[in-house]
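**Student:** Mind having a look at this structure? Questions to follow.
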Amino acid sequence: MLVAQGRLDVEGALTARDRVGIQDFVLLDETTEVAVISNLKKRFSKDLIYTYIGTLIVSVNPYKDLDIYSKKQMDVYMGVNFFELPPHIYALADNAYHTMLTEFNNHFILISGESGAGKTEASKKILQYYAVSCPSTTLMNTVRDKMLMSNPVLEAFGNAKTLKNDNSSRFGKYMDIQFDSQGDAVGGHILNYLLEKSRVVHQNHGERNFHVFYQLVEGGSDDLLTQLGLERDVQHYYYLTQGECAIVSSINDKNDWKSVKNALQVIEFDETNTNHLFRVVASVLHLGNVHFDPDSKGHALLKNNTELNWVSDLLGVDANSLKEGLTFRKIEAKTEQVLSPFTIDHAIYVRDALAKAIYGQTFTWLVNRINESMENKLCTKNTEIFALFVVSFEQFCINYCNEKLQQLFIQLTLKAEQEEYEAEGIEWEPVQFFNNKIICDLVEEKHRGIISILDEECLRPGDATDLTFLERLEEKMGNHPHFLVCQSKNTIVRECFSAVDTTNKRRPETVATQFKNSLQKLTEMLMAKEAWYIRCLKSNESKQPGQFDEALIRHQVKYLGLMEHLRVRRAGFAYRRKYEDFLKRYKPLCPATWPHWRGIPADGVELLVQHLGYLPDEYKMGRTKIFIRHPRTLYATEDAYEKCKHDLGDASKRNFHFMSSATKIETCWRGAQARKEKEKRAWAVKVIKKFIKAYINRGEAKSTDNSEYLAFVRQSYLNRLKNNLPKTVLDKTTWLTPPAVLTEASEILRKLHYRLMVRKYVRGIPPQKKAQLQMKVVTSAIFKGKKESYPPSIAQPFLDTRIRISVSNLSDGIIVIHITCEDPKQKGDLIIQCDHLYEFLTKLSIIANKQDAIKVVQGSIKLEIQSGKESAVDFTTGQEAMVYKAKNGHLMVVSKNK
Ligand SMILES: Nc1ncnc2c1ncn2[C@@H]1O[C@H](COP(=O)(O)OP(=O)(O)OP(=O)(O)O)[C@@H](O)[C@H]1O
């Protein structure tokens, strides 16, 4: 028994591997289907129905009550690490809950498997576990009571006996529980998918309609049956007897009726609502007994009015309208409406369609009511949602849904693996797995293909024209005034149908499309949550305890993709453990680590595995964990550990005295360690408290309460600032917003930083550019705001060559100022004569700070008299000083001989 095994860690479980099989498939040395099934069988034979694949649980239906769900057992699993105890659904529930609380994220548990495999039971066990383990408040008690207590109602209306399961859920459901940040449940919600409505009007041999019909007929009081016009005989009703097993020994409808009535009270159904609900159920039974005879033309005529009158009475709708609706089709021509009589087949079809619609809508209404009663009524915001998802009935599960969920699983698992590798700094090794996205695409893309098979209406017997007929019928029924039960006096029926837009002529979404869309939405929703998985397997078809049908199990192992799961989990490394944990267990195997390793755990592990002779390819050292590739490496280590323990035991007998004193020393040492640890904790608590107090007072002036905190704030701001400084002088926006205490300092720092950047910038300017800028500064001082042509001139650089000055070496007082200009019409160089040439030019060059700008030439100075037109001034000496234009067109300047 699981409890008897007590606390086992995963390594401990290895030692028991031959007796009870492997607890985690990941540790199977051989990952073949045969090995997996044999392991399941070995465990099943010892009533060990749960086995892990990593954090996924495989559960095999035992078909008998096991003593593993007691309160005591729940206590054992509370707050315990996943791998510390033998596999159990409680371990998963507990870990999901605690991870949610510590990581503040949303989780879901996906329970899948074929009909009768134990999904509903598993979900109930999880709810029961939360009911016991979560902190208790009055509100939470109400929520969980309602979640648990609503179950009989949901099962009565949504479950039925099938060949595979006496209590098979015939709808897909998704339940979620909302928790607040303290872990208290504050609300809940149930979402239902696709009730198998066709069951209301048709059951295969050996199967029944939904339980509630039988429960009402068997368990309802005489008074109630009279009010509803029902007989206490299930065989009397066409809708209850097609499977020829209305009464079965394994189901006690009478008793179940009592729990349903009780549950209705818990979920706050008042008498009126309850009464209306039973009236709807009864109306469906009466509707099933409405039969038709052909008239002379083969058109449908009601056999008698008794049943129809009951339907009309129970639903509160007009009997004539109902009759007309069941036997005629209304055709709208341009100007008039024509009533076209139905054939018998059509009339039966419409009768059944109405029964399905009434029941289906009522089921949805019921789920909504349950949801309302579980709504989070606290205004405090709930922070976390824990979702529990049960994929139910077979049709829903097979094909597309399974493929889609499998795809989701692989995606999420690979993602989780990849994230762990990344966090541990281990290189990701690509995993080969079959990506079934291709199947999902095929199903999703080809609307008319696979997906339409899921349309329950298409599953009806009949040829393809039935579908066309149905569509037309649905369109037409939409505006048939006599059909719309939305006039009903039964509040439930009225509420259910009032939402239907009676004027909308658009074709309604087919069931397959609704299914696809809901699955799509669900997938999106689930992708945003952390996943936990339970895979349920059916041990045998005959629902017998102790029978393990290998062929059936093999089929499910395939169908649930368990081998794929295993492969993905085993991708790369089968086993990983924190260095501390690994060392703690195996340290006796290496003299360097035994009895104590005082260094860094990773170093100890490295020494240990080298001592054990691990080959480099067999393991990898992550940041906090060791990763071991093959289970056999771990087994060898474990075997060595067992032997070592044994040897140590022998040695201890021989050296009793020595050991006992060693033990004393060890005890003292442990005591000292524990005291140290305690002191450390006390110190940590003090620091944390101080920190919190300081945080609260962070806005206050500096005091003993907050000085350390403020220093911390200052340091961390400065550290962050250091890495986020603006990089260019023009960047005026990048500057970290300072905490209140650093506003002033931050402003000073900001100015200093900009000044520093400006200085750096200026230093980096080349001399030529600098000279230019200096000149521009002078220009600005002279002209800015005074000359209108100044602004456009700013961007134009000054050229060194634009102005040059030449004089001759003689004493003629002539100065030639060369001015480059681009405009050909402009006058060219300037010639001036000046008495105080030396003074003028010296002052000019001082002002310009450019002594080399004046060139003294001998003989002749070239002139540009207009752009591109050249001439010259020739200099010479003579008796008299004179200036004239020479024959060659040059200007001749004669200075007097000295
Ligand atoms: N853990 C369990 N311990 C004992 N019996 C179980 C367990 N799980 C399932 N069973 C038995 O198997 C039956 C079918 O299980 P359950 O109704 O949970 O199947 P299911 O997977 O929800 O089926 P469906 O999809 O048809 O609703 C239960 O009524 C119960 O008798």
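Using N, Cα and C of the backbone, Cβ positions are placed for all residues, glycine too.
So TrEMBL lists the following for this protein:
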BINDING   GLY113, GLU114, SER115, GLY116, ALA117, GLY118, LYS119, THR120  ATP binding site
DOMAIN    20-642  domain 'Myosin motor'
DOMAIN    714-897  domain 'TH1'
REGION    519-541  region 'Actin-binding'
**Student:** Within 10 Å of each Cβ, count the other Cβ atoms and name the one among the binding-site residues GLY116, LYS119 with the highest count.
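**Tutor:** Most Cβ neighbours within 10 Å: LYS119.
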**Student:** Starting from the Cβ centroid of GLY113, GLU114, SER115, GLY116, ALA117, GLY118, LYS119, THR120, the recorded ATP site, name every other residue in that chain with its Cβ within 8 Å, sequence order please.
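**Tutor:** Leaving out the recorded residues gives ASN61, ASN165, CYS536, LYS538.
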**Student:** Based on a Cβ-to-ligand 1 distance below 6 Å, what subset of the binding-site residues GLU114, ALA117, GLY118, LYS119, THR120 would you report?
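**Tutor:** Correct list: ALA117, GLY118, LYS119, THR120.
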**Student:** Hey, what's the Cβ neighbour count for GLY118 (ATP binding site) at 10 Å?
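**Tutor:** 25, counting other Cβ atoms within 10 Å of GLY118 (ATP binding site).
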**Student:** Using DSSP and collapsing to three states, where does GLY113 (ATP binding site) fall: helix, strand or coil?
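**Tutor:** DSSP call for GLY113 (ATP binding site): strand.
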**Student:** What is the number of other Cβ atoms found within 10 Å of the Cβ of THR120 (ATP binding site)?
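**Tutor:** Around THR120 (ATP binding site), other Cβ atoms within 10 Å: 22.
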**Student:** Hey, what's the Cβ neighbour count for SER115 (ATP binding site) at 10 Å?
**Tutor:** 20
**Student:** Find the average pLDDT over the domain 'Myosin motor' (20-642) in the predicted model and report it.
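**Tutor:** Its mean pLDDT is 78.
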